[in-house]
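Sequence annotations record features per position, and here Swiss-Prot assigns FMN binding site to Ser24, Lys48, Ser49, Asn132, Lys171, Ile197, Gly223, Gly249, Gly250 based on similarity to another entry. Under the heading substrate binding site, Swiss-Prot lists Lys48, Asn72, Ala73, Asn74, Gly75, Leu76, Asn132, Asn198, Thr199, citing similarity to another entry as support. The annotation active site, nucleophile is assigned in Swiss-Prot to Cys135.
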Amino acid sequence: MQETQRLAVELPGLSLKNPIIAASGTCGYGQEAAKKYNLNHLGSLVLKSTTLYPRQGNPRPRVCETSAGWLNANGLQNVGITAATNEKIPWLRKNYPQLPIIASAAGFSEDEYVKVVSEFANTAGVKAIELNVSCPNVKHGGMAMGTDPEVLQRLVKQVVKAALGIPIYVKLTPNVTNIVPLAQAAEQGGANGLTMINTLTGLSIDLKTRRPALANVTGGLSGPAIKPLALRMIHQVRQVSSLPIIGVGGIESAEDVLEFMMAGANAVQIGAASFHDPLACPKIAADLPIVMDRYGIKKLTDLWEVRF
């Protein structure tokens, strides 16, 4: 079997050469990551979460390292939907015409989400849209819409209409008692897939200043610390939903990728690993067939049948 066949993954709107997707917020709009490596090594990438208008983000410092990951409170800093659709995405299409683009829509009201999704849906090259309803470090909006199943279902219904057939993947927050009702709400609202999980709200304190390490006080925890939680939540949701799941949370190796797919994910995103190694995504993609051979895995999609 050819390597391309072993690694290929088909999801709604996305034909991926491999399951490795650069997570939103780790590669900007592609131009930043392209300075480090050839983006064609990826299955896909998710653009920076984009709002209706440009945002400067939260005060600095916004990022700090923890013992098992990172805390970030960027506050949805982005160029706004007009610049994203008129400048950023055309650059990606011109330089990487074969790379499937996943846009990421964020907002502070249902109306804003609908407008952003509508603009992305009318932009050539966008193959899928990730709905970021789980950002833990902005006030008013963001995660607030992703913690109430009824509100989430209503929002998803509206953005699915605005998407004009472009698949919608809802990025779920782990900052809830039970993530399953949120997954079910997204599915009932018409979502084509789920991305899980986003970061967990955390706090780090600077002993010298006796103040929080982040100006925003709290931030989103990512990295190896959240991997077991992500695996558990993906497994929980897979028991009740057949929607495609893109797993994310602490993945740092090809072995981690296989764990996520055995837990119920159909593809994965690499996030925090790219902070300490900008080449994490292409390295993991290159390692996958080697590790698959080690564990006797002929093709990745065989792991979709794993159940426990």
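Cβ coordinates are placed from backbone N, Cα and C, and glycine is handled just like the others.
All features noted in Swiss-Prot, drawn onto the structure.
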| residue | record | DSSP class |
| --- | --- | --- |
| Ser24 | FMN binding site | coil |
| Lys48 | substrate binding site | coil |
| Ala73 | substrate binding site | coil |
| Cys135 | active site, nucleophile | coil |
| Lys171 | FMN binding site | strand |
| Thr199 | substrate binding site | coil |
| Gly223 | FMN binding site | coil |
| Gly250 | FMN binding site | coil |
Practice problem: Determine the Cβ neighbour count for Lys48 (substrate binding site): the number of other Cβ atoms within 10 Å of its Cβ. | Solution: 23
Quiz item: So of Gly75, Gly223, Gly250, which of the binding-site residues has the fewest other Cβ atoms within 10 Å around its own Cβ?
Solution: Gly75
Practice problem: May I ask for the distance between Ala73 (substrate binding site) and Cys135 (active site, nucleophile), taken between their Cα atoms and rounded to an integer number of Å? | Solution: 9
Quiz prompt | Rounded to the nearest Å - Cα separation of Lys171 (FMN binding site) and Thr199 (substrate binding site) | solution = 10
Quiz item: Which one is it: of the recorded positions Lys48, Gly75, Asn132, Cys135, whose Cα lies the shortest distance from the Cα of Ser24 (FMN binding site)?
Solution: Lys48
